[in-house]
Amino acid sequence: MARTVFSITAALFCALAGVAHGANDQASQASAAPEPAVIPGSYIAELQDSEDTGAFMTSLKSDLGQDNVSRRTELKSRLFNGVSFRLSDDLVRENDNSTVNRIANLPQVKRLWPVQIVPRPQTETKWTAAGVPTQPNSRHRRRQNTVPYPPHVQTQVDKLHARGLTGKGVRISIIDSGVDYLHPALGGCFGPGCIVSYGYDLVGDAYNGNNAPVPDQDPLDQCDGHGTHVAGIIGAQQDKVALTGSGLKGAAPGATLGMYRVFGCTGGSGTDVLIAAVTKAFEDGSDIITGSLGLTSGWSEDAFSVTVSRMVAAGVHVTFAAGNEVGGTEGMFGISAPSTGDGVLAISSYEASLAPTYDAAKGTVVYTREAVLSGSVSRFTSWGPNYELQLKPQFGAPGGQILSLWPTTLGGYAVNSGTSMATPLAAGVIALLIEARGKIAPGVVEKMLSSTAKPAPSFRLSDAGQWVLSDGLAPVVQQGAGLIQALDALESTITFDVPNLSLNDTDNFSGSTSFKVTNLGQEVATYNVSHSPALTASSLTSIYRNSAPDMSKAAAKVSFEPSTLTLAPGESAEVNMVVSPPTDHGFDPASLPMYSGWVTLNGTGSTGPVQSLSLPYFGLAGSMRNATVMAVNRMFMLDTANMRGSGLRDNVTFQLTAPSTRPEWAVDAGNATANVLVVGSMPVAYTWLVLGSPEVRIEVVPLEGPALADAKDNGLGVKVLGSVGAEFPIKYSRAAGTLTAWDGSLADGTWVPAGRYRLGISALKIMADRTKHSHIDDPVLFGLKKNIFLPTQ
């Protein structure tokens, strides 16, 4: 656990005020909540399996008052027994801290999470086909059917279509913004017998993530387009597409689609709404659930990820977008939830081999080859792995410059880019495999697609400022196993016992691992085992987050025993793999270099070569437990009246509003001996995490006076009164800068009296043991001349 204590000390006293907690309103406006944002006072409670959600809500209302708590969403299924609720604004202002802690500790409650706001999916729209007739003529149909659709050629989907596979009989549920099922290429109808035959609108047009949803039975969307584009990638009917020369066709046009609308026409959505959507999709008998959405996380412990992981364990195939974060504030570990979840297939994006352009006058599409980055990993794809060092993403599909459907009211067709476009194509491929093979376990499909995926090169910025291909394969933690190859997956005659190998960090890797190979073919085959390295990438630059990881050609040294094996049909053999992490990568080990590559099997049978196979691996040439979590030299204190400043000046006194329960604490500011800030201005702690943390604390440390007698050791050798708010300690925080304003209250609902205090900030390191002081950095103390809170009795 890394610990930094802001010993900038400042004066706290309670000023006279007409409204008991007016300062809290200012806090909500001035402080920046940890990303992703939460809906104030709203929580998801997972209940004990035998607990009735209705009885739980009745009990809460009886305890807190009928008007102080309201049900948001029912979250009951075979896999998750829960409910989301919202506390009243009055209750949040008065004693949210103690109330939330009390609810979390109820015997009926397994876990309690805040409701997070999931941002609306952001994709890049290149063009829309406004003015195109919605119904194609017969001449167009003949020409349309002869044009190959480039994403299908890249992924061998066209070869499975040529065998008559369409995904028939497979139910695919889409979690998105709704769908324009009135589009002719989606059948023009909704309900039994239609292409989009089931689903639900959980929110309504006016929902924006902060207001109350208005659900109904109809998932129609004609105001956004994202969900329609996604649905078209899976289910577009080629003979109903009115774009001459496009070749546009769904990857699984015979599948039965369901749409669960979770976004209104603007804004985001709540995690409880998304959990309700995947729950309904699961209960409606979906074979595949896919979502082109998520929230930057890096962890697998949020409520959304936990829920979908359980669905995978129950036999449902789940694909979610890896995210489009690189080039912004993210970098390594920037993968989106719920694709971070166990067993969930996180999908990366590749550039299309051919880019579609549109002649509006002729209504014709022409495909042209991209000069440089054609077929490479897309620059916007979020990097893995997750913080538990599980491989993310798993593999990818074309997501750059993808032509698909768009609401008829907005043009009918559009070209979009994002992992949002890659994810439904992967879901469609899985549907084709299910149709061909029958019911297949999710883990088996992951191994089929991972072992046959095609690794692609990375990219770099040239000295001339142009994007060019790198001289090396993109890291596994960027692209996953590679670009999926549908036919190779279906015809695979050998298999590994695992989809990938995580070699962990240097603290937790012994230098060797093993895997098993099985011959699924009909003839004896001999396999040569070799190594294909990827570029090594750094996670950090100095102690700062590297949003575009630097790369090196340095690679691990890998050997195999045996390096050649001969297997009869159905026979298996174990291969031992010895790995020496690279030391010549040119990176400081503190930058957490991530090395990776592929174990490659090239086989020969009695009749000639047999199918090749590859197994992706990755490891960290450094120590997660010793890695810097907080950028302590960039952390400081502000006040809510001066949020643009560079830090508190010396000897300041805060005038906070007295709690209504202690009116005698209100005193005249004239008694202060230091610089007095305006009434209601609160101290703000700016915390900067360069890596995620399993637990972040901000605790109140008394320096003198009666409060010292009430302080207790926090387990780190520091005497504290408690946490600054109900959200602390924050569990499984992502890397981000956070502003936290303090109004003088503690997590248990009590208030501190006027006095001298400082705020202690600590972050548990990744893979660290919170009980071991050896995992705690020495405290870094900032200048003792400043005041966080001074007595003014």
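Each Cβ is built from the backbone N, Cα and C atoms, and glycine gets one as well.
Worth saying up front: this structure is predicted, and the values here are computed from it rather than measured.
Neighbour list (Asp176 (active site, charge relay system), Cβ cut-off 8 Å, at least 6 residues apart, same chain): Pro121, His226, Gly227, Val230, Ala231, Met259, Tyr260, Arg261, Val262, Phe263, Gly291, Ser292, Leu293. Among the features that TrEMBL reports, active site, charge relay system is placed at Asp176 (among others).
His226 (active site, charge relay system) falls within a helix when secondary structure is assigned with DSSP. Look at TrEMBL and you will find His226 (among others) tagged as active site, charge relay system.
According to DSSP, Ser420 (active site, charge relay system) sits within a helical segment. Per TrEMBL, the feature active site, charge relay system maps to Ser420 (among others).
For 167-455, the entry in TrEMBL reads domain 'Peptidase S8/S53'.
This prediction places the mean pLDDT of the domain 'C5a peptidase/Subtilisin-like protease SBT2-like Fn3-like' (502-617) at 90. TrEMBL lists 502-617 with the feature domain 'C5a peptidase/Subtilisin-like protease SBT2-like Fn3-like'.
If you look up TrEMBL, you'll see 125-151 marked as region 'Disordered'.
As annotated by TrEMBL, signal peptide applies to 1-22.
Non-local contacts of Ser420 (active site, charge relay system) by the CB criterion (under 8 A, 6+ apart in sequence, same chain) comprise Pro121, Thr123, His226, His229, Val230, Ser292, Leu293, Ala321, Asn324, Gly399. His226 (active site, charge relay system) has a Cβ environment of 27 other Cβ atoms inside 10 Å. Helix, strand and coil counts under DSSP for the domain 'C5a peptidase/Subtilisin-like protease SBT2-like Fn3-like' (502-617) come to 6 helix, 71 strand, 39 coil.
Asp176 (active site, charge relay system) carries a strand DSSP state (E or B).
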